[in-house]
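Annotated in TrEMBL:
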- 11-228: domain 'YjeF N-terminal' (DOMAIN)
- ASN64, ASN65, GLY66, GLY67, ASP68, GLY136, PHE137, SER138, PHE139, LYS140, PRO141, PRO142, ASP167: (6S)-NADPHX binding site (BINDING)
- ASN65, ASP132, THR170: K(+) binding site (BINDING)
Amino acid sequence: MALRTISSQLAAQLDKELMGPEVGFTLEQLMELAGLSVAQAVVKEFPYSESRKSQVLVIAGPGNNGGDGLVCARHLALSGFQPVVYYPKRTTKTPFYAQLVNQLEFFKVPVLGAGDNWAQYLDHTKTLCVVDAIFGFSFKPPVREPFGSILEQLRHTQHELPIVSVDIPTGWDVDEGPADSDCIIPSVLVSLTVPKPCATKIDTRETHHYVGGRFIPRDFALKYGFEPFPYENLDQVLRLH
Ligand SMILES: NC(=O)C1=CN([C@@H]2O[C@H](COP(=O)(O)OP(=O)(O)OC[C@H]3O[C@@H](n4cnc5c(N)ncnc54)[C@H](OP(=O)(O)O)[C@@H]3O)[C@@H](O)[C@H]2O)[C@@H](O)CC1
Ligand SMILES: [K+]
């Protein structure tokens, strides 16, 4: 069956409607569920075991994709993993992001900033995977610094250190897919609510694809032109392929 997708423009509209006056979700609620979904995908792909490495590097960007990463890190800590967060460009638009960072400190999760040696965690003998929560559906190429250099380093390590991308593989055009051969290739993609068109460009032999962000009823999905996804029980993610 063809993959159900919606464009970046429609995704932004859907997001706005969910948080609009009629539906009334808050960003905080949706982000909690989105971050929990990503953590659940990590746990499914790399199950926690006391006898193996459990360090996860979460790279958080300046927008809501980054916020999903901050929430994901907290849930990973709760699940026994040892997340380390690199958050080089902190947003001050709302106090909420600072609260998410406080919560990570409460869980004793290190949060590195610009100038810290984050690249030491790109060591596959110590780190299980990297969560790419840099940019989501509002990304507009080309990538600006410091994120271009970060992506370059991830490209060099991705064959040994798998990348789990949140919603969009960072650097890919949301509607067109990888802009050039220099783009990162995630091992796992977790599309939120519904995949965006770039997800049709993944090679399913190298990227496992999940959908998560389980927060809409059937009629709302149909209004946006896609069939709801058949999640099981209370699962927050569904593996598509
Ligand atoms: N309903 C759902 O599914 C929900 C989805 N959620 C999540 O929200 C995500 C969308 O979040 P979003 O709209 O905040 O945008 P996002 O993609 O994080 O990036 C914006 C930031 O990136 C920056 N930036 C852009 N281009 C750049 C460039 N070339 N180079 C450098 N910087 C660049 C831009 O900076 P600016 O251009 O404003 O200066 C701004 O700071 C979505 O994918 C999903 O993960 C959940 O949290 C909630 C429910
Ligand atoms: K991403």
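Any Cβ shown, glycine's included, is placed from N, Cα and C.
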| note | The rounded CA-CA distance in Å from ASN65 (K(+) binding site) to ASP167 ((6S)-NADPHX binding site) is 8
| task | List those of the binding-site residues ASN65, ASP68, ASP132, ASP167, THR170 whose Cβ lies under 6 Å from any atom of ligand 1, in sequence order, or write none if there are none. | result | ASN65, ASP68, ASP167
| message | With DSSP assignments reduced to helix, strand and coil, which class does ASN65 (K(+) binding site) get? | response | helix
| ASN64, ASP132, PRO141: which of these binding-site residues put a Cβ within less than 6 Å of any ligand 2 atom? | ASP132
| task | Pick out which of the binding-site residues PHE137, PHE139 has the most other Cβ atoms within 10 Å of its own Cβ. | result | PHE137
| said: Within the domain 'YjeF N-terminal' (11-228), what mean pLDDT does the predicted structure show? | reply: 96
| query | For ASP167 ((6S)-NADPHX binding site), what residues in its own chain, 6 or more apart in sequence, show a Cβ-Cβ distance under 8 Å? | reply | ALA34, ASN65, ASP68, GLY136, PHE137, VAL190, SER191, LEU192, LYS196
| query | Tell me, by DSSP, whether ASP132 (K(+) binding site) is helix, strand or coil? | reply | strand
| query | Whole-number Å distance between the CA of ASP132 (K(+) binding site) and the CA of ASN64 ((6S)-NADPHX binding site)? | reply | 13
| query | Does anything in the same chain, at least 6 positions from THR170 (K(+) binding site), have a Cβ under 8 Å from its Cβ, and if so what? | reply | GLY61, ASP132, ILE134, PHE135, PHE139, VAL143, PHE147, LEU151, ILE184
| field | Site extent for (6S)-NADPHX (largest Cα pair distance over ASN64, ASN65, GLY66, GLY67, ASP68, GLY136, PHE137, SER138, PHE139, LYS140, PRO141, PRO142, ASP167, Å) | value | 22
| query | Around the K(+) site recorded as ASN65, ASP132, THR170, what other same-chain residues have a C-beta within 8 angstroms of the site's C-beta center? | reply | ILE59, GLY61, GLY66, GLY69, ALA133, ILE134, PHE135, GLY136, PHE139, SER165, VAL166, ASP167, ILE168, PRO169
